[in-house]
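Straight from Swiss-Prot, the features:
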MOD_RES   Met1  N-acetylmethionine
REGION    136-188  region 'Targeting to endoplasmic reticulum membrane'
TOPO_DOM  1-39  topological domain 'Cytoplasmic'
TOPO_DOM  85-92  topological domain 'Cytoplasmic'
TOPO_DOM  136-188  topological domain 'Cytoplasmic'
TRANSMEM  40-60  transmembrane segment
TRANSMEM  64-84  transmembrane segment
TRANSMEM  93-113  transmembrane segment
TRANSMEM  115-135  transmembrane segment
Amino acid sequence: MDVNLAPLRAWDDFFPGSDRFARPDFRDISKWNNRVVSNLLYYQTNYLVVAAMMISVVGFLSPFNMILGGVIVVLVFMGFVWAAHNKDILRRMKKQYPTAFVMVVMLASYFLISMFGGVMVFVFGITLPLLLMFIHASLRLRNLKNKLENKMEGIGLKKTPMGIILDALEQQEDNINKFADYISKARE
């Protein structure tokens, strides 16, 4: 299946006003995780544009450190995903605590980058865009169109870059399993 970039959402949909933002329920981690995953899939192109602008500014000021930081983060992420596929304890951690898994990847990347002296580039060029994405995805309430797009991604009708990353973090399998269970119950 071809990988397609999701459409760029309108600014008034991305930042509609305070009525479409709410604090997540920190007691219900699965509901909060579902909101974050749904928003990451739905607004992925908007997040990509915001991150690209921030990375471009930092990359313009310090291109070598930005490239080095990006390469280190990608290699550490791929290493942790590979290790999680081969070690059961890491796989469970990645599936149950995806935020902690990403934080471990970022901390490991930070320590590697600090050896090369590019800590400020890491903080402003890599960590800040990821933090802003996570905050927006946590606070933004989902709408009906968001939920419909996510179902299409979840059952495999569409494949996007963020969907591939979330699959690597094993954050979409539950949605597919729930949908398959729903269809099998509807047939009975």
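Using N, Cα and C of the backbone, Cβ positions are placed for all residues, glycine too.
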Subject >> Close approaches to the transmembrane segment (40-60) from elsewhere in its chain (Cβ under 8 angstroms; 6 or more beyond its ends) >> reply: 5-9, 14, 66-67, 70, 121, 124-126, 128-130, 132-133, 136-137, 140, 142, 145-146, 149-150, 153, 160-163, 166
Original post:
Excluding the flanking five residues on each side, which residues at least 6 beyond the ends of the transmembrane segment (64-84) place their CB within less than 8 Å of a CB in that stretch?
Top reply: 55, 58, 90-91, 93-94, 101, 104-106, 108-109, 112-113, 116-118, 121-122, 125-126, 168-169
**OP:** Give the residue counts of the topological domain 'Cytoplasmic' (1-39) per reduced DSSP state, in the order helix, strand, coil.
**Re:** 18 helix, 1 strand, 20 coil
